[in-house]
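Listed in Swiss-Prot for this protein:
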- C62, C65, H93, C96: Zn(2+) 1 binding site (BINDING)
- C177, C180, H208, C211: Zn(2+) 2 binding site (BINDING)
- C340, C343, H371, C374: Zn(2+) 3 binding site (BINDING)
- 302-321: compositional bias 'Basic and acidic residues' (COMPBIAS)
- 322-331: compositional bias 'Polar residues' (COMPBIAS)
- 266-331: region 'Disordered' (REGION)
- 50-132: zinc finger (ZN_FING)
- 165-247: zinc finger (ZN_FING)
- 328-410: zinc finger (ZN_FING)
Amino acid sequence: MITVAPFVSLRFQFPLYIINRSTLFFRERTQYLVYNTCHILRTTAKTMPVVAEYAKSNRSSCRSCSNKIAVKSLRLGLISKGRGGVDMTRWHHFDCFPTDSESIASVDDIQGLSALEKEDQDALTKLVEQCGKVPAKKPDEKKGKAKKHIMGPKGLTKAATSSKVIADNAKSSRSSCNRCSQTIVSKDLRVGLVTEDSRGFDITRWHHLGCFPIDFHPIDSVEDIGGYSSLEKGDQMELKYLAEVNKKDKTLIDDVQKMDEGDDEAIADNELTEETKKGKHSPVAKLVEQPGEPAKEDEDEESKKPASDEISEQKTKDVKNSPDSSKVISEYAKSSRSTCKKCSQTIAAKELRLGLVTRNFRGFDMKQWHHLGCFPVDSDPIVSVEDIGGFSELQSGDQDALKELVQQCGKQTLVDKMDEDNDDTEAKIKLTEETNKRKHSEVGEMVEEDESLTKAKQQMAKTHKVNMSESTSQVEVEAEITLSASDVKDKYRDANLLPKWKAFETVIFLERDDGLNDSEKIAAFDFDGCLAKTSVKIVGADAWSLMYPSIPEKLQSLHDQGYKLVIFTNESNIDRWKNKRQAAVDSKIGRLNSFIERVKVPIQVFIACGVSSSGGKGGKDDLYRKPKAGMWQLMKKHFNSGIAIDMDKSFYVGDAAGRKMDHSDADIKFAQASGLKFFTPEEYFIPSSTSPGT
């Protein structure tokens, strides 16, 4: 009787069958297997075992494409025997697995299948069905161009029959829009285009609702959208509107299709013609025309405009002229990805932001986010806080800030314009001069001091680095500030202060930093937005970064030249946040301490904690809050050892200069009121700028 037993060779890389006769014997030696005379039959190569799992790290590489396999992504491995009988696994991406050369008899042969998620198990089942099939050959581009498909955004084909549309609320913030490449925020409505690749697997391309290519993938009815019934009523209404817009815009879509059916040169010519026509009829082109110059377009050209252009223009006019075309919403930024429409700066996460919601000509809502101080109250006034969406969900301090903003609507903008009319400027100058005279008589100042202030005004107007007229620079008459030892406190209201920090009235100050020397030359700076990047809504001593890399070197150079460095900064949140005052104090002082430690230069600091009178409560402006010169006068009279200050050599640097993108003009007016030369941070800290101390 002959017994056939399978045997795995340690010497050879193929399976063996050993036919055992009565005379057959074998024994094992090191590294070799010795057989006596027997019949050894070689069989066909056995398929290598396949294992599937989620990558434990990102160190493995795909055997096919050589790219890294991301952690927690599905990977497939082919297990083979290496030298010495050690198992070796060759990992592949799921899409890179060689189905044409490696066959899998059944999905049950895949090791680790039961540990995978249901969706991945279904994908592997389809993969097993594809194993052994020869992939379709790609058309040879050299022999001739393949038949062109009408393409949409980012390569989406126009064939609606090969794709379907689904909609849901994003489960996380990991998905991104296929059209604009921006992240789709968690729980936001997203619309997916599901297509099938060459191997039969479904691929979903997600879009924002406003980014969905409705022109290339029309939606005839909401019943065609998968997952529609599970959405909230508001999201269902938006999808219904999307379907209605699709029906109304069929004429425009047909025009696009006809244009795309031509060859590349015809398409380019058509696009150039359309752009030329749009340029002629655009409002910008009309503004370029010189006054009195006759229009170049005649009635014949106007009558030749396509019907689609007329429809688009009519929709745009209807939206712009509609009284309810915009609304205001408020919320805390969910991330740091949004930017302010006015200043183009990033809106930090958890910071209060105001959104102006407008509707475009296709009926989609467009949100334009702004910082609180950048919101255009002059062009988009807010009648009442009840008109602000999300107002009730804000904290009490932010609700008070919005109430102040509403009261400013219709009166003035948050950012005063530098190009005011000459009549208004002269009126303000006269009013300021009369006020200064009254203050001067009340405090009984000497005539000589008034003359010195006039000289300081003239000197500041000559050396001012910002483009402003001489008539706008007014030095504020010094107020009587009396200070005694009993007036200095170790606490600010109910908040404790860190060591070396004291409080006087509405000012918190660091009088004597280690190594600080009083001087006739003062180099004064704002803190937030000038020396450090900070956010009001993010508290913490470490929640800041240097505004410019050259700051430590610049400050050290000024200290070496005998300047005393002083920081004058406003922080009204310390007064406004009654329930969180201690946190506000610790955050502000902690940041300043960290900054001083970072630059390694002794600095004197004054923090104005008072609130301005713009809140509508009828109170007066805080004496020490910029643009008032109270902090400068306090330092000059009581914290400079009686040394007279040389105004020609002293200066102030701040970011609130009243420019178009600045949040206010408090710094430039503070410099004017104090009689100091003024620089913006860009002028002073950028190496190409000319500034004192360089």
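Here the Cβ of each residue, glycine as well, is placed from N, Cα and C on the backbone.
The Zn(2+) 1 site is set by C62, C65, H93, C96; from the centre of their CB atoms, other residues of the chain with a CB within 8 Å are R63, S64, S66, N67, I69, H92, D95.
Same-chain residues with CB within 8 A of the center of the C177, C180, H208, C211 CB atoms, the Zn(2+) 2 site residues themselves not counted, are N178, R179, S181, Q182, I184, H207, G210, F212. Residues C340, C343, H371, C374 make up the record's Zn(2+) 3 site, and a Cβ search at 8 Å around their centroid adds K341, K342, S344, Q345, I347, H370, G373, F375, M661, H663 from the same chain. For C177 (Zn(2+) 2 binding site), the nearest neighbour among the binding-site residues C65, H93, C340, C374, judged by Cα separation, is C340. On the backbone, the CA of C96 (Zn(2+) 1 binding site) and the CA of C180 (Zn(2+) 2 binding site) stand 28 Å apart. DSSP gives H371 (Zn(2+) 3 binding site) a strand state. Residue counts for the zinc finger (165-247) by DSSP state, with H, G and I taken as helix and E and B as strand, are 24 helix, 24 strand, 35 coil. Classification of H93 (Zn(2+) 1 binding site) by DSSP places it within a strand. Ranking the binding-site residues C62, C180 by C-beta neighbours within 10 Å puts C62 at the top.
The Cβ neighbour count for H93 (Zn(2+) 1 binding site), using a 10 Å radius over every protein chain in view, is 20.
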